[in-house]
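Going by Swiss-Prot, these are the annotated features:
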type	residues	note
TRANSMEM	22-42	transmembrane segment
TRANSMEM	58-78	transmembrane segment
TRANSMEM	86-106	transmembrane segment
TRANSMEM	116-136	transmembrane segment
TRANSMEM	148-168	transmembrane segment
TRANSMEM	224-244	transmembrane segment
TRANSMEM	247-267	transmembrane segment
TRANSMEM	278-298	transmembrane segment
TRANSMEM	313-333	transmembrane segment
TRANSMEM	353-373	transmembrane segment
TRANSMEM	374-394	transmembrane segment
TRANSMEM	431-451	transmembrane segment
Amino acid sequence: MSTSTQNIPWYRHLNRAQWRAFSAAWLGYLLDGFDFVLIALVLTEVQSEFGLTTVQAASLISAAFISRWFGGLLLGAMGDRYGRRLAMVSSIILFSVGTLACGFAPGYTTMFIARLVIGMGMAGEYGSSATYVIESWPKHLRNKASGFLISGFSVGAVVAAQVYSLVVPVWGWRALFFIGILPIIFALWLRKNIPEAEDWKEKHAGKAPVRTMVDILYRGEHRIINILMTFAAAAALWFCFAGNLQNAAIVAGLGLLCAVIFISFMVQSSGKRWPTGVMLMLVVLFAFLYSWPIQALLPTYLKTELAYDPHTVANVLFFSGFGAAVGCCVGGFLGDWLGTRKAYVCSLLASQILIIPVFAIGGTNVWVLGLLLFFQQMLGQGIAGILPKLIGGYFDTDQRAAGLGFTYNVGALGGALAPILGALIAQRLDLGTALASLSFSLTFVVILLIGLDMPSRVQRWLRPEALRTHDAIDDKPFSGAVPLGSGKGAFVKTKS
(Lines of atoms letter the chains of each structure in order from A and count residues from 1; the text may use other names and numbers.)
(Lines give C-alpha, C1' and ligand atoms only; values in the text may rest on other atoms or scores of the structure.)
Protein backbone atom coordinates (compact mmCIF):
# COMPACT_ATOMS: atom_id res chain seq x y z
CA MET A 1 0.00 0.00 0.00
CA SER A 2 1.11 3.57 -0.61
CA THR A 3 1.68 6.05 2.23
CA SER A 4 -1.48 7.96 1.34
CA THR A 5 -3.49 4.75 1.37
CA GLN A 6 -2.09 3.74 4.75
CA ASN A 7 -3.33 7.03 6.27
CA ILE A 8 -6.93 6.20 5.37
CA PRO A 9 -8.89 4.46 8.19
CA TRP A 10 -9.26 0.75 7.46
CA TYR A 11 -13.04 0.85 7.21
CA ARG A 12 -12.89 3.40 4.39
CA HIS A 13 -11.11 0.83 2.22
CA LEU A 14 -14.43 -1.01 1.98
CA ASN A 15 -17.21 -0.05 -0.39
CA ARG A 16 -20.92 -0.47 0.22
CA ALA A 17 -21.09 -3.82 -1.58
CA GLN A 18 -18.29 -5.24 0.58
CA TRP A 19 -19.99 -4.09 3.79
CA ARG A 20 -23.27 -5.57 2.57
CA ALA A 21 -21.52 -8.86 1.81
CA PHE A 22 -20.01 -8.94 5.29
CA SER A 23 -23.26 -7.99 7.05
CA ALA A 24 -25.14 -10.74 5.25
CA ALA A 25 -22.54 -13.39 6.06
CA TRP A 26 -22.27 -12.21 9.68
CA LEU A 27 -26.02 -12.50 10.16
CA GLY A 28 -25.88 -15.96 8.62
CA TYR A 29 -23.19 -16.96 11.08
CA LEU A 30 -25.19 -15.46 13.96
CA LEU A 31 -28.13 -17.64 12.92
CA ASP A 32 -25.76 -20.61 12.77
CA GLY A 33 -24.70 -19.99 16.38
CA PHE A 34 -28.33 -19.46 17.37
CA ASP A 35 -29.42 -22.80 15.92
CA PHE A 36 -26.41 -24.67 17.31
CA VAL A 37 -27.19 -23.97 20.97
CA LEU A 38 -30.98 -24.44 20.83
CA ILE A 39 -30.82 -28.17 21.52
CA ALA A 40 -28.57 -27.64 24.56
CA LEU A 41 -31.01 -25.09 25.99
CA VAL A 42 -34.06 -27.36 25.75
CA LEU A 43 -32.39 -30.75 26.18
CA THR A 44 -34.00 -31.47 29.55
CA GLU A 45 -37.47 -30.61 28.20
CA VAL A 46 -36.94 -32.83 25.14
CA GLN A 47 -35.62 -35.67 27.29
CA SER A 48 -38.65 -35.48 29.56
CA GLU A 49 -41.26 -35.34 26.76
CA PHE A 50 -39.73 -38.16 24.68
CA GLY A 51 -38.77 -40.30 27.68
CA LEU A 52 -35.11 -40.48 26.66
CA THR A 53 -32.17 -41.85 28.59
CA THR A 54 -29.29 -39.51 29.35
CA VAL A 55 -27.22 -41.16 26.60
CA GLN A 56 -30.00 -40.73 24.02
CA ALA A 57 -30.45 -37.09 24.97
CA ALA A 58 -26.72 -36.41 24.70
CA SER A 59 -26.65 -38.12 21.30
CA LEU A 60 -28.92 -35.38 19.94
CA ILE A 61 -26.04 -32.96 20.49
CA SER A 62 -23.47 -35.39 19.07
CA ALA A 63 -25.57 -35.96 15.94
CA ALA A 64 -24.41 -32.66 14.47
CA PHE A 65 -20.76 -33.76 14.79
CA ILE A 66 -21.48 -37.01 12.94
CA SER A 67 -22.55 -35.17 9.77
CA ARG A 68 -20.46 -31.99 9.92
CA TRP A 69 -17.46 -33.34 8.02
CA PHE A 70 -19.65 -34.45 5.10
CA GLY A 71 -21.53 -31.15 5.06
CA GLY A 72 -18.25 -29.27 4.88
CA LEU A 73 -17.14 -31.42 1.96
CA LEU A 74 -20.43 -31.34 0.03
CA LEU A 75 -21.40 -27.70 0.46
CA GLY A 76 -17.78 -26.61 0.15
CA ALA A 77 -17.60 -28.33 -3.23
CA MET A 78 -20.80 -26.52 -4.20
CA GLY A 79 -19.12 -23.24 -3.30
CA ASP A 80 -16.07 -24.10 -5.40
CA ARG A 81 -18.16 -25.08 -8.44
CA TYR A 82 -21.17 -22.74 -8.37
CA GLY A 83 -20.02 -19.83 -6.20
CA ARG A 84 -19.73 -18.92 -2.54
CA ARG A 85 -23.08 -17.13 -2.45
CA LEU A 86 -25.14 -20.15 -3.52
CA ALA A 87 -23.34 -22.41 -1.04
CA MET A 88 -23.93 -19.94 1.79
CA VAL A 89 -27.63 -19.60 0.98
CA SER A 90 -28.02 -23.39 0.66
CA SER A 91 -26.29 -23.91 4.02
CA ILE A 92 -28.62 -21.48 5.78
CA ILE A 93 -31.68 -23.15 4.26
CA LEU A 94 -30.37 -26.59 5.24
CA PHE A 95 -29.77 -25.87 8.93
CA SER A 96 -33.00 -23.85 9.09
CA VAL A 97 -35.05 -26.73 7.70
CA GLY A 98 -33.37 -29.04 10.21
CA THR A 99 -34.20 -26.66 13.07
CA LEU A 100 -37.81 -26.35 11.95
CA ALA A 101 -38.07 -30.15 11.70
CA CYS A 102 -36.92 -30.43 15.33
CA GLY A 103 -39.99 -28.42 16.32
CA PHE A 104 -42.30 -30.91 14.57
CA ALA A 105 -40.37 -34.04 15.64
CA PRO A 106 -42.74 -36.68 17.10
CA GLY A 107 -39.91 -38.62 18.73
CA TYR A 108 -36.22 -39.36 19.08
CA THR A 109 -35.49 -40.78 15.62
CA THR A 110 -36.97 -37.85 13.72
CA MET A 111 -35.13 -35.34 15.87
CA PHE A 112 -31.86 -37.24 15.48
CA ILE A 113 -32.20 -37.11 11.68
CA ALA A 114 -33.05 -33.40 11.87
CA ARG A 115 -29.91 -32.82 13.92
CA LEU A 116 -27.86 -34.58 11.22
CA VAL A 117 -29.27 -32.10 8.70
CA ILE A 118 -28.42 -29.18 11.01
CA GLY A 119 -24.84 -30.45 11.31
CA MET A 120 -24.41 -30.51 7.54
CA GLY A 121 -25.80 -27.00 7.19
CA MET A 122 -23.63 -25.65 10.00
CA ALA A 123 -20.50 -27.06 8.39
CA GLY A 124 -21.39 -25.62 5.02
CA GLU A 125 -22.13 -22.24 6.56
CA TYR A 126 -18.70 -22.09 8.20
CA GLY A 127 -16.79 -22.80 5.01
CA SER A 128 -18.97 -20.83 2.59
CA SER A 129 -19.44 -17.71 4.74
CA ALA A 130 -15.76 -17.53 5.65
CA THR A 131 -14.55 -17.87 2.07
CA TYR A 132 -17.26 -15.50 0.84
CA VAL A 133 -16.29 -12.65 3.16
CA ILE A 134 -12.53 -13.21 3.00
CA GLU A 135 -12.56 -13.24 -0.81
CA SER A 136 -14.79 -10.15 -0.94
CA TRP A 137 -12.57 -7.91 1.22
CA PRO A 138 -9.20 -6.34 0.29
CA LYS A 139 -6.19 -8.58 0.95
CA HIS A 140 -4.76 -6.40 3.73
CA LEU A 141 -8.05 -6.58 5.69
CA ARG A 142 -8.77 -10.28 5.44
CA ASN A 143 -7.85 -11.17 9.02
CA LYS A 144 -10.39 -8.58 10.15
CA ALA A 145 -12.94 -10.09 7.78
CA SER A 146 -12.37 -13.53 9.31
CA GLY A 147 -12.33 -12.40 12.94
CA PHE A 148 -15.35 -10.10 12.68
CA LEU A 149 -17.34 -12.83 10.94
CA ILE A 150 -16.68 -15.56 13.52
CA SER A 151 -17.78 -13.23 16.33
CA GLY A 152 -21.31 -13.67 14.99
CA PHE A 153 -21.44 -17.24 16.31
CA SER A 154 -20.91 -16.13 19.93
CA VAL A 155 -23.50 -13.38 19.51
CA GLY A 156 -25.96 -15.95 18.15
CA ALA A 157 -25.47 -18.12 21.23
CA VAL A 158 -26.18 -15.15 23.51
CA VAL A 159 -29.31 -14.26 21.51
CA ALA A 160 -30.53 -17.86 21.72
CA ALA A 161 -30.24 -17.85 25.51
CA GLN A 162 -32.27 -14.64 25.72
CA VAL A 163 -34.95 -15.90 23.31
CA TYR A 164 -35.14 -19.15 25.29
CA SER A 165 -35.98 -17.26 28.49
CA LEU A 166 -38.78 -15.38 26.71
CA VAL A 167 -40.30 -18.11 24.53
CA VAL A 168 -40.07 -21.48 26.27
CA PRO A 169 -41.80 -20.57 29.57
CA VAL A 170 -44.80 -19.25 27.63
CA TRP A 171 -45.09 -21.42 24.50
CA GLY A 172 -42.95 -24.47 25.25
CA TRP A 173 -39.74 -25.85 23.75
CA ARG A 174 -41.14 -26.55 20.27
CA ALA A 175 -41.84 -22.85 19.70
CA LEU A 176 -38.13 -22.16 19.98
CA PHE A 177 -37.44 -24.40 16.98
CA PHE A 178 -40.29 -22.89 14.96
CA ILE A 179 -38.25 -19.70 14.87
CA GLY A 180 -36.07 -21.67 12.45
CA ILE A 181 -38.32 -20.46 9.62
CA LEU A 182 -36.87 -16.95 9.91
CA PRO A 183 -33.39 -17.79 8.53
CA ILE A 184 -35.04 -19.25 5.41
CA ILE A 185 -36.65 -15.88 4.67
CA PHE A 186 -33.27 -14.26 5.24
CA ALA A 187 -31.61 -16.74 2.86
CA LEU A 188 -34.07 -15.91 0.07
CA TRP A 189 -33.25 -12.23 0.53
CA LEU A 190 -29.53 -13.03 0.35
CA ARG A 191 -29.97 -14.90 -2.93
CA LYS A 192 -31.21 -11.72 -4.62
CA ASN A 193 -29.32 -8.95 -2.87
CA ILE A 194 -25.66 -9.86 -2.36
CA PRO A 195 -22.87 -10.06 -4.97
CA GLU A 196 -20.57 -13.00 -5.59
CA ALA A 197 -17.10 -13.06 -3.97
CA GLU A 198 -14.55 -11.16 -6.06
CA ASP A 199 -11.78 -13.79 -5.94
CA TRP A 200 -14.15 -16.52 -7.09
CA LYS A 201 -15.52 -14.40 -9.95
CA GLU A 202 -12.03 -13.53 -11.18
CA LYS A 203 -10.87 -17.14 -11.00
CA HIS A 204 -13.87 -18.52 -12.90
CA ALA A 205 -14.50 -15.77 -15.45
CA GLY A 206 -14.87 -17.45 -18.85
CA LYS A 207 -13.34 -20.73 -17.65
CA ALA A 208 -14.64 -24.29 -17.61
CA PRO A 209 -16.08 -25.57 -14.31
CA VAL A 210 -13.45 -26.79 -11.86
CA ARG A 211 -13.14 -30.40 -10.69
CA THR A 212 -14.35 -30.27 -7.10
CA MET A 213 -13.75 -32.51 -4.11
CA VAL A 214 -17.09 -34.22 -4.76
CA ASP A 215 -16.11 -34.91 -8.39
CA ILE A 216 -12.81 -36.45 -7.30
CA LEU A 217 -14.20 -38.61 -4.51
CA TYR A 218 -17.65 -39.63 -5.76
CA ARG A 219 -17.40 -39.44 -9.56
CA GLY A 220 -13.86 -40.67 -10.08
CA GLU A 221 -12.44 -44.17 -10.53
CA HIS A 222 -12.56 -44.91 -6.79
CA ARG A 223 -16.13 -43.69 -6.31
CA ILE A 224 -17.56 -47.03 -5.13
CA ILE A 225 -15.01 -47.55 -2.39
CA ASN A 226 -15.26 -43.87 -1.38
CA ILE A 227 -19.03 -44.15 -1.02
CA LEU A 228 -18.57 -47.25 1.14
CA MET A 229 -15.94 -45.45 3.24
CA THR A 230 -18.34 -42.52 3.68
CA PHE A 231 -21.00 -44.81 5.13
CA ALA A 232 -18.35 -46.55 7.25
CA ALA A 233 -17.17 -43.22 8.70
CA ALA A 234 -20.74 -42.15 9.46
CA ALA A 235 -21.49 -45.47 11.17
CA ALA A 236 -18.26 -45.38 13.17
CA LEU A 237 -18.95 -41.84 14.37
CA TRP A 238 -22.48 -42.80 15.35
CA PHE A 239 -21.24 -45.71 17.46
CA CYS A 240 -18.56 -43.51 19.04
CA PHE A 241 -20.79 -40.59 19.97
CA ALA A 242 -24.31 -42.01 20.13
CA GLY A 243 -23.98 -45.77 20.47
CA ASN A 244 -23.20 -45.94 24.20
CA LEU A 245 -20.07 -48.06 23.66
CA GLN A 246 -18.32 -48.94 26.92
CA ASN A 247 -15.22 -50.64 25.48
CA ALA A 248 -12.42 -48.10 25.08
CA ALA A 249 -10.52 -50.35 22.66
CA ILE A 250 -13.50 -50.51 20.30
CA VAL A 251 -13.97 -46.74 20.43
CA ALA A 252 -10.25 -46.23 19.73
CA GLY A 253 -10.44 -48.66 16.81
CA LEU A 254 -13.43 -46.87 15.31
CA GLY A 255 -11.68 -43.53 15.77
CA LEU A 256 -8.61 -44.87 13.97
CA LEU A 257 -10.82 -46.12 11.14
CA CYS A 258 -12.32 -42.63 10.75
CA ALA A 259 -8.85 -41.08 10.75
CA VAL A 260 -7.71 -43.42 7.96
CA ILE A 261 -10.81 -42.62 5.90
CA PHE A 262 -10.47 -38.86 6.32
CA ILE A 263 -6.76 -38.95 5.45
CA SER A 264 -7.57 -41.08 2.39
CA PHE A 265 -10.10 -38.47 1.24
CA MET A 266 -7.55 -35.70 1.77
CA VAL A 267 -4.86 -37.57 -0.19
CA GLN A 268 -7.24 -38.19 -3.10
CA SER A 269 -8.65 -34.66 -3.26
CA SER A 270 -5.47 -32.68 -2.61
CA GLY A 271 -3.05 -34.69 -4.73
CA LYS A 272 0.56 -33.85 -3.98
CA ARG A 273 -0.49 -31.27 -1.38
CA TRP A 274 -2.04 -33.85 0.93
CA PRO A 275 0.60 -33.32 3.70
CA THR A 276 -0.61 -29.73 4.09
CA GLY A 277 -4.24 -30.83 4.34
CA VAL A 278 -3.54 -33.54 6.91
CA MET A 279 -1.52 -31.16 9.09
CA LEU A 280 -4.30 -28.57 8.94
CA MET A 281 -6.75 -31.18 10.23
CA LEU A 282 -4.36 -31.78 13.14
CA VAL A 283 -4.13 -28.03 13.84
CA VAL A 284 -7.92 -27.75 14.06
CA LEU A 285 -8.21 -30.97 16.08
CA PHE A 286 -5.84 -29.67 18.76
CA ALA A 287 -7.43 -26.22 18.63
CA PHE A 288 -10.73 -27.83 19.63
CA LEU A 289 -9.06 -30.10 22.18
CA TYR A 290 -7.52 -27.17 24.06
CA SER A 291 -10.57 -24.90 23.96
CA TRP A 292 -13.64 -27.13 24.21
CA PRO A 293 -13.03 -28.72 27.63
CA ILE A 294 -13.56 -25.24 29.08
CA GLN A 295 -16.44 -24.45 26.71
CA ALA A 296 -18.28 -27.65 27.60
CA LEU A 297 -17.42 -28.15 31.29
CA LEU A 298 -17.08 -24.61 32.64
CA PRO A 299 -20.77 -24.51 33.71
CA THR A 300 -20.30 -27.81 35.55
CA TYR A 301 -17.18 -26.47 37.28
CA LEU A 302 -18.99 -23.32 38.39
CA LYS A 303 -21.98 -25.24 39.75
CA THR A 304 -20.22 -28.19 41.39
CA GLU A 305 -16.80 -27.01 42.58
CA LEU A 306 -17.57 -23.33 43.20
CA ALA A 307 -21.19 -23.96 44.29
CA TYR A 308 -22.52 -20.98 42.33
CA ASP A 309 -26.27 -20.53 41.96
CA PRO A 310 -27.76 -20.46 38.42
CA HIS A 311 -27.89 -16.65 38.30
CA THR A 312 -24.20 -16.35 39.19
CA VAL A 313 -23.29 -19.08 36.70
CA ALA A 314 -25.10 -17.15 33.97
CA ASN A 315 -23.21 -13.96 34.85
CA VAL A 316 -19.82 -15.68 34.74
CA LEU A 317 -20.66 -17.40 31.45
CA PHE A 318 -21.61 -14.02 30.00
CA PHE A 319 -18.09 -12.75 30.75
CA SER A 320 -16.65 -15.83 29.09
CA GLY A 321 -18.83 -15.66 25.97
CA PHE A 322 -18.49 -11.91 25.57
CA GLY A 323 -14.70 -12.24 25.90
CA ALA A 324 -14.64 -14.78 23.07
CA ALA A 325 -16.73 -12.51 20.83
CA VAL A 326 -14.51 -9.49 21.53
CA GLY A 327 -11.44 -11.66 21.01
CA CYS A 328 -12.55 -12.57 17.49
CA CYS A 329 -12.55 -8.88 16.56
CA VAL A 330 -9.29 -8.16 18.39
CA GLY A 331 -7.76 -11.16 16.64
CA GLY A 332 -8.69 -9.64 13.29
CA PHE A 333 -6.78 -6.45 14.08
CA LEU A 334 -3.81 -8.41 15.42
CA GLY A 335 -3.74 -10.63 12.35
CA ASP A 336 -3.64 -7.71 9.91
CA TRP A 337 -0.98 -5.99 12.04
CA LEU A 338 1.37 -8.86 12.92
CA GLY A 339 0.45 -11.44 10.32
CA THR A 340 -1.93 -14.36 10.80
CA ARG A 341 0.42 -16.95 12.27
CA LYS A 342 2.38 -14.56 14.48
CA ALA A 343 -0.84 -13.05 15.88
CA TYR A 344 -2.18 -16.53 16.64
CA VAL A 345 0.96 -17.55 18.53
CA CYS A 346 1.27 -14.29 20.49
CA SER A 347 -2.38 -14.36 21.55
CA LEU A 348 -2.18 -17.99 22.71
CA LEU A 349 1.03 -17.33 24.65
CA ALA A 350 -0.64 -14.41 26.43
CA SER A 351 -3.67 -16.57 27.25
CA GLN A 352 -1.40 -19.12 28.92
CA ILE A 353 -0.52 -16.56 31.60
CA LEU A 354 -4.19 -16.42 32.62
CA ILE A 355 -5.37 -20.03 32.39
CA ILE A 356 -3.86 -21.18 35.72
CA PRO A 357 -5.16 -18.16 37.74
CA VAL A 358 -8.68 -18.72 36.35
CA PHE A 359 -8.90 -22.10 38.08
CA ALA A 360 -6.65 -21.28 41.05
CA ILE A 361 -8.45 -18.31 42.63
CA GLY A 362 -11.57 -20.27 43.59
CA GLY A 363 -15.00 -18.69 43.79
CA THR A 364 -14.66 -16.07 46.52
CA ASN A 365 -14.68 -13.11 44.13
CA VAL A 366 -17.05 -13.51 41.20
CA TRP A 367 -15.98 -10.27 39.51
CA VAL A 368 -12.29 -11.17 39.52
CA LEU A 369 -13.10 -14.61 38.13
CA GLY A 370 -15.33 -13.06 35.47
CA LEU A 371 -12.64 -10.60 34.39
CA LEU A 372 -9.98 -13.31 34.26
CA LEU A 373 -12.26 -15.46 32.13
CA PHE A 374 -13.09 -12.51 29.88
CA PHE A 375 -9.43 -11.86 29.04
CA GLN A 376 -8.45 -15.53 28.92
CA GLN A 377 -11.24 -16.31 26.47
CA MET A 378 -10.55 -13.14 24.50
CA LEU A 379 -6.94 -14.23 23.96
CA GLY A 380 -7.31 -18.01 23.94
CA GLN A 381 -10.68 -18.62 22.30
CA GLY A 382 -11.26 -15.40 20.38
CA ILE A 383 -8.10 -15.73 18.31
CA ALA A 384 -9.80 -18.70 16.60
CA GLY A 385 -11.72 -16.03 14.71
CA ILE A 386 -8.81 -15.85 12.26
CA LEU A 387 -8.59 -19.64 11.87
CA PRO A 388 -10.60 -19.58 8.59
CA LYS A 389 -8.10 -17.07 7.20
CA LEU A 390 -5.19 -19.24 8.35
CA ILE A 391 -6.62 -22.44 6.84
CA GLY A 392 -7.88 -20.81 3.64
CA GLY A 393 -4.45 -19.42 2.83
CA TYR A 394 -3.14 -22.93 2.16
CA PHE A 395 -5.74 -23.64 -0.56
CA ASP A 396 -6.16 -22.24 -4.06
CA THR A 397 -9.43 -20.46 -4.82
CA ASP A 398 -10.66 -23.48 -6.82
CA GLN A 399 -10.47 -25.77 -3.78
CA ARG A 400 -10.74 -23.30 -0.89
CA ALA A 401 -14.37 -23.71 0.21
CA ALA A 402 -14.26 -27.52 0.24
CA GLY A 403 -10.71 -27.58 1.65
CA LEU A 404 -11.62 -25.20 4.47
CA GLY A 405 -14.97 -26.86 5.15
CA PHE A 406 -13.58 -30.41 5.20
CA THR A 407 -10.39 -29.81 7.21
CA TYR A 408 -12.14 -27.64 9.78
CA ASN A 409 -15.09 -29.93 10.34
CA VAL A 410 -12.99 -33.09 10.54
CA GLY A 411 -10.80 -31.34 13.10
CA ALA A 412 -13.94 -30.15 14.88
CA LEU A 413 -14.48 -33.73 16.04
CA GLY A 414 -12.03 -32.71 18.74
CA GLY A 415 -14.92 -30.68 20.14
CA ALA A 416 -16.77 -33.93 20.80
CA LEU A 417 -13.71 -35.63 22.31
CA ALA A 418 -12.62 -32.73 24.52
CA PRO A 419 -15.34 -32.93 27.22
CA ILE A 420 -14.73 -36.68 27.51
CA LEU A 421 -11.01 -36.10 28.06
CA GLY A 422 -11.76 -33.44 30.67
CA ALA A 423 -14.17 -35.73 32.50
CA LEU A 424 -11.71 -38.64 32.47
CA ILE A 425 -8.89 -36.53 33.92
CA ALA A 426 -11.32 -35.14 36.51
CA GLN A 427 -11.72 -38.69 37.89
CA ARG A 428 -8.16 -38.39 39.27
CA LEU A 429 -7.97 -34.62 39.82
CA ASP A 430 -10.54 -32.01 40.74
CA LEU A 431 -12.36 -30.62 37.70
CA GLY A 432 -10.73 -27.18 37.79
CA THR A 433 -7.22 -28.67 37.83
CA ALA A 434 -8.18 -31.06 35.02
CA LEU A 435 -9.47 -28.24 32.81
CA ALA A 436 -6.47 -26.01 33.49
CA SER A 437 -3.97 -28.83 32.84
CA LEU A 438 -5.65 -29.98 29.64
CA SER A 439 -6.02 -26.49 28.19
CA PHE A 440 -2.53 -25.37 29.23
CA SER A 441 -0.73 -28.38 27.74
CA LEU A 442 -2.70 -28.69 24.50
CA THR A 443 -2.48 -24.96 23.80
CA PHE A 444 1.29 -25.40 23.54
CA VAL A 445 0.76 -28.06 20.88
CA VAL A 446 -1.22 -25.56 18.79
CA ILE A 447 1.42 -22.88 19.40
CA LEU A 448 4.09 -25.23 18.02
CA LEU A 449 2.00 -26.40 15.05
CA ILE A 450 1.17 -22.85 13.97
CA GLY A 451 4.34 -21.10 15.13
CA LEU A 452 6.59 -23.51 13.25
CA ASP A 453 4.19 -23.49 10.27
CA MET A 454 4.05 -27.28 10.34
CA PRO A 455 1.65 -27.58 7.36
CA SER A 456 4.29 -25.99 5.09
CA ARG A 457 7.17 -27.70 6.87
CA VAL A 458 5.72 -31.22 6.53
CA GLN A 459 4.80 -30.46 2.92
CA ARG A 460 8.44 -29.51 2.26
CA TRP A 461 9.65 -32.71 3.91
CA LEU A 462 7.29 -35.12 2.14
CA ARG A 463 6.24 -33.59 -1.20
CA PRO A 464 8.45 -30.53 -1.86
CA GLU A 465 7.50 -30.40 -5.55
CA ALA A 466 4.00 -29.16 -4.54
CA LEU A 467 5.17 -26.70 -1.88
CA ARG A 468 3.38 -23.36 -1.71
CA THR A 469 5.67 -20.60 -0.49
CA HIS A 470 3.12 -17.79 -0.10
CA ASP A 471 -0.33 -17.47 1.46
CA ALA A 472 -2.98 -17.81 -1.26
CA ILE A 473 -5.20 -15.21 0.42
CA ASP A 474 -2.84 -12.34 1.27
CA ASP A 475 0.37 -13.33 -0.60
CA LYS A 476 2.52 -13.26 2.57
CA PRO A 477 5.34 -15.85 2.75
CA PHE A 478 5.02 -19.09 4.71
CA SER A 479 7.84 -19.37 7.24
CA GLY A 480 7.87 -23.16 7.07
CA ALA A 481 8.32 -23.20 3.30
CA VAL A 482 12.10 -22.71 3.49
CA PRO A 483 14.73 -24.44 5.65
CA LEU A 484 15.77 -22.75 8.88
CA GLY A 485 18.59 -20.29 8.29
CA SER A 486 17.62 -19.51 4.70
CA GLY A 487 17.33 -15.85 3.78
CA LYS A 488 14.26 -14.07 2.49
CA GLY A 489 15.60 -14.52 -1.02
CA ALA A 490 14.85 -18.21 -0.72
CA PHE A 491 11.15 -17.48 -1.13
CA VAL A 492 9.97 -18.05 -4.68
CA LYS A 493 6.29 -17.38 -5.07
CA THR A 494 4.31 -20.32 -6.39
CA LYS A 495 1.58 -19.99 -8.95
CA SER A 496 -1.90 -19.94 -7.39
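Each residue, glycine too, has its Cβ placed from N, Cα and C.
Since we're looking at a predicted model, the values are computed, not measured.
Counting same-chain residues at least six beyond the ends of the transmembrane segment (247-267), those with a Cβ under 8 angstroms from any Cβ of the stretch are 69, 73, 213, 217, 226, 229-230, 232-233, 236-237, 239-240, 274, 277-278, 281, 406-407, 410, 413.
Sequence-distant residue pairs (6 or more apart) of the transmembrane segment (224-244) and the transmembrane segment (58-78) include at least 3 whose Cβ atoms are under 8 Å, placing the two stretches in contact.
Remote same-chain residues near the transmembrane segment (431-451) are listed as 279, 282-283, 286-287, 289-291, 293-294, 297-298, 300-301, 304-305, 341, 344-345, 348-349, 351-352, 355-356, 358-360, 380, 390, 418, 421-422, 425 (criterion: CB distance under 8 Å, separation of at least six residues from the stretch ends).
Scored by C-beta pairs under 8 angstroms, the transmembrane segment (116-136) has its highest count with 58-78, from the stretches 58-78, 148-168, 278-298, 313-333. Counted as Cβ pairs under 8 Å, contacts with the transmembrane segment (148-168) are highest for 313-333 among 278-298, 313-333, 353-373, 374-394. For the transmembrane segment (353-373), same-chain residues at least 6 beyond its ends with a Cβ under 8 Å from one of its own Cβ atoms are 298, 301-302, 305-308, 312, 315-316, 318-320, 323, 379-380, 432-433, 435-436, 439-440, 443.
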